[in-house]
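Remarks on the structure that follows.
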């Protein structure tokens, strides 16, 4: 694992030692090279974690998430260039250092084998994200958003720490490899049910589950572009990853406990999709669509069949790339119109025709058009849900319909119509932006050729 962690750590001195005009080139190039390292971890056997060391190892569940995390750093750096253009060099370097330290802690979180280690790193990701939101956000409300983000995450994860120490006392170890061998089956007693709640609540707040999702739209709307990208693409996936990892400890109690949470996530999926139809704020719409997609992942993980796990992993990767792409597009609109209101940026297709193509492709991937991996993930989850209970097909089918509606509503509102009067002079789309959009779409299209590499543990 050090062959991934050490080069990423070395990005920090690289950032601070680069000359002012070379900061962007150096960091982007090096982080792009680093993003190819996780490809070495593919094609592993399913039965064991590839044990690189006692503390860090990877398996078919963490490798796709590592690929996503590392691929996102050069994209975040490319996306941030414009809004940092007026900052002094030291401020730029500090910003990049925050992104890199966030990347390091995320890589270590996804590869940690010791659960206490995983918990500490899971909490560490909070600090750089909080600094990025509260220091580089646009509006004064960013402080409020930061408070929400901090307290939701901390309140959720304190019971997790207590539950982990309890498990450590009873089983004597928290190593994932050992737990597969030693974990005992939980009975459905009151104390065990509380422990199950303590374990899953932290991750459900991170996902976020409908009901504890209020921090997400706030954080997304106020964050700068790189903050939004990493929040949507990777930080939400920490919740799903943690829930999948802890199934070993919580089995078979999940079957007793999952029912209310399944209902809540299905209901929340419909509610948040419906909220999207009434949104005027572009970033808020994409944030709520993230909640509705992740609700599907929560439901899939709680069902706990091999098929639903495959669907959940695929959907997490697909959603990470798609929502990050949508935030980039929203940001490119914001940099030109200086407003997040969709109606004010209508008619942009006539002014930026190539951007309209990216918007169309992004909207279509968001509504899970075949042959994208979004569709594969949603279909796997849909089939798993249907075999669990036939009635769920009504809710999930309705959700797919509403998703298609708000994706096309978003596309039509921002691109079609007559341009507003305040858009007289507008910068054309730069090569940097077009490359950025292409680098989001490229993995989505390539993975649809061989989706088995992101299908997770059970494939």
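Positions of Cβ are set from backbone N, Cα and C atoms, glycine also.
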Which stretch does Swiss-Prot mark as transmembrane segment, out of 173-193, 341-361? 341-361
Looking at the stretches 22-42, 60-80, 94-110, 113-133, 341-361, which one shares the most CB pairs under 8 Å with the transmembrane segment (436-456)? 60-80
Under 8 Å for C-beta pairs, could you tell me which stretch among 94-110, 113-133, 224-244, 284-303 has the largest tally with the transmembrane segment (22-42)? 94-110
May I ask for the residues of the chain that lie six or more residues beyond the transmembrane segment (284-303) and have a Cβ under 8 Å from a Cβ within it? 204, 207-210, 213, 216-217, 220-221, 232, 236, 239-240, 243-244, 247, 254, 258, 261-262, 265-266, 268-270, 272-273, 275-276, 309, 311-312, 315-316, 319, 323, 326-327, 330, 340, 342, 366, 378, 380-381, 384-385, 388, 396, 399, 403, 406-407, 410
Chain residues outside the transmembrane segment (60-80) and at least six past its termini with a C-beta under 8 angstroms from it: 4, 8, 24, 27-28, 31-32, 34-35, 37-39, 41-42, 44, 46, 95-96, 99-100, 103, 106-107, 110-111, 224-226, 229-230, 233-234, 237, 241, 244-245, 313, 316-317, 320-321, 324, 328, 331, 432, 435-436, 439-440, 443, 453-457, 459
